[in-house]
Amino acid sequence: MSAQAQMRALLDQLMGTARDGDETRQRVKFTDDRVCKSHLLDCCPHDILAGTRMDLGECTKIHDLALRADYEIASKERDLFFELDAMDHLESFIAECDRRTELAKKRLAETQEEISAEVSAKAEKVHELNEEIGKLLAKAEQLGAEGNVDESQKILMEVEKVRAKKKEAEEEYRNSMPASSFQQQKLRVCEVCSAYLGLHDNDRRLADHFGGKLHLGFIQIREKLDQLRKTVAEKQEKRNQDRLRRREEREREERLSRRSGSRTRDRRRSRSRDRRRRRSRSTSRERRKLSRSRSRDRHRRHRSRSRSHSRGHRRASRDRSAKYKFSRERASREESWESGRSERGPPDWRLESSNGKMASRRSEEKEAGEI
């Protein structure tokens, strides 16, 4: 990669897809299914194992450092759960690697001579010491490259101790089997990267293997897979707790709403009972008022009839007394007139008739006035 391409990639990684206003690059978002989620989390095997004996070639999905920068910015604000996709990808890759390791072990078991369990255990011990020496040498070289010379020297001293143990283990292994068989190269399969390791490999060969890009790449992938499994488990546990808390809150709200609804119904019922009670009271009051008004009307009518009856009775009695008085007075006048007529002799009949008419008219007028 040229220096210009490296600078461009660095700018993409730092500033994202919108670093220079290129709209064509912004058409593909990091959430697109075509984007490699393992690349966004910096654990894609196609990137890690590039340039090794197990180079996988170019990934079928989009790899873009700018999209990774966009994802890192967005993941600080909300959880996108891309770890689950990356974990599935790495699990399938590691499962394939483990399958190749088992096949290599079967081929070695078929091609190499059968040895006893005791000899096999001694050979396995030599392999383990070789692996430890190779890891320590690789670590010492890494520390020396970083400038930690003192730490590197300490690790080299540990390497010398392990070499002494390895020499003793090789002597035990050599003495436990014939010389012809011992000279035969005994191989084993690396449990990390499925590469072949020899029992008699020198330290340089072991350091190159355990410090090589292939072995370290597989270590990185396996460690990243363990980290993703732990992260996914924690997030799933957190999500389950959040879901449980939301469900409890929802149930509590439903209980509160049911309680408030029952209280509302009780209040409605009490209000309806109060309305019915007030309505019945008002109805009874209306009825009592109506009955009292009816009784007062009956009493008033009765009193009116009584007063009218008494007034009629008094008027009739007054009429009867007036008639009786008038008849007595008339009788007395007639008697007095008859007595006077008998004393005076026969009067003039015309005068008598006129006087009688006048007297009768006066009596009628008087009677009418009294009535």
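All residue numbers here begin at 1 and follow the chain in the order shown.
Heads up, the Cβ atoms here are built off N, Cα and C, so glycines get one too.
As recorded in Swiss-Prot:
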- 87-177: coiled coil (COILED)
- 218-259: coiled coil (COILED)
- 232-257: compositional bias 'Basic and acidic residues' (COMPBIAS)
- 258-317: compositional bias 'Basic residues' (COMPBIAS)
- 318-351: compositional bias 'Basic and acidic residues' (COMPBIAS)
- 361-371: compositional bias 'Basic and acidic residues' (COMPBIAS)
- Ser332: phosphoserine (MOD_RES)
- Ser336: phosphoserine (MOD_RES)
- Ser363: phosphoserine (MOD_RES)
- 232-371: region 'Disordered' (REGION)
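The DSSP secondary structure for Ser336 (phosphoserine) is helix. Listed in sequence order, the same-chain residues six or more apart from Ser332 (phosphoserine) with CB atoms under 8 A from its CB number zero; the list is none. Residue counts for the compositional bias 'Basic and acidic residues' (232-257) under DSSP, split into helix (H, G, I), strand (E, B) and coil, are 26 helix, 0 strand, 0 coil.
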